[in-house]
Structures are given as structure tokens and as C-alpha cells.
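Undergrad: According to TrEMBL, the protein carries these features:
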- 11-125: domain 'MgtC/SapB/SrpB/YhiD N-terminal' (DOMAIN)
- 6-24: transmembrane segment (TRANSMEM)
- 36-54: transmembrane segment (TRANSMEM)
- 60-77: transmembrane segment (TRANSMEM)
- 108-126: transmembrane segment (TRANSMEM)
Amino acid sequence: MLGLDQIILRLLFGTILSGVIGLEREFKHKPAGLRTNILVGVGSTLVMIVSQYFEFDPARIAAGVITGIGFLGAGLIIQDRNEVHGITTAATIWVVSAVGLAAGIGMYAAATATALIALLVLYFFGNDRLRKSIKLPSNKEL
């Protein structure tokens, strides 16, 4: 079983990684910002920690969390006329949950690498940046 120091370390790790991703979303004024991302990340971390104390497969718990987060993300997607908004935010929430699960099981390298990849994708592949770099037409021109 995990000691209190390991539990706290994993919770802090999940909080920090999900918080960094949440900051990026907050700076872009997205509906799921810092608080939402931290709550999803640390909640997923805790669920994974707690799952290790029972006699069933922690992978089943992780699958349940990911499914539940998928429903939460679906609630963030809004269709407005010919445009769909919130898909990236929903995907970000899903990734933050996976980062939290990895932190909760003690897979610090995987959690960190995934958080960094998510940040790079969110920053460098934003709609405006991507369109300008490869000269794609805007949504209105399509």
C-alpha cells in the first residue's frame, strides 16, 4: 500500500500537470479553464490511487473514469448554425483525465510527456496559427 507521502506526491503531481494545461485554456478564455482542468485531473488522480486499495482491476476503474469524462466533454460541445465549438476543450478535458490517471498510478514520465504533448498541440496547432502557417482558408471561407 502507498504511504501518505506517496499519496500526497501523486495528488500534487496530478494537480500541477492538469493546472498547467488549465492555465493554457484559461489564457484563451475557454469554458473549461484552470479550475475545471485541475478538478478533473486531481479527481482522476485520486480515483486511481483509491482503486489500488481494492481487489478489483484498476484498469476497469480507469475505463469508467475515461467514459464518464467523455460524457462531461460531450456537454462542452456546442453546435451553432454551421459551426461546432468546444471539441478541443472536450478533448483537453479527456487528456487531462488521462494525465491524472497516470499520475495516480505513479507513471510520472507518461503523465509528464502527455501533458507536454497536449500543451504543444494546444499552443502550436491553434486554429489561427495553423491556418497562417499553411495558408488554410478560414471557417467562413469554406
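Cβ atoms are placed via backbone N, Cα and C, with glycine included.
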Undergrad: Let me spell it out: take the transmembrane segment (6-24), skip the flanking residues so only those 6+ beyond its ends count, and list any with a Cβ under 8 Å from a Cβ in it.
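TA: Same-chain contacts beyond the ends: 32-38, 40-42, 44-46, 49, 92, 95-96, 99-100, 103-104, 106, 108, 111-112, 115, 118-119, 122-123.
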Undergrad: Using DSSP, break the domain 'MgtC/SapB/SrpB/YhiD N-terminal' (11-125) down into helix, strand and coil residues and give each count.
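TA: Counting residues per DSSP class in the domain 'MgtC/SapB/SrpB/YhiD N-terminal' (11-125), I get 88 helix, 6 strand, 21 coil.
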Undergrad: Should anything in the same chain at least six residues away from the transmembrane segment (36-54) have a Cβ under 8 Å from its Cβ atoms, list it; otherwise answer none.
TA: 1-2, 7, 10-11, 13-15, 17-19, 21-22, 25, 61-62, 65, 69, 72, 92-93, 96-101, 103-105
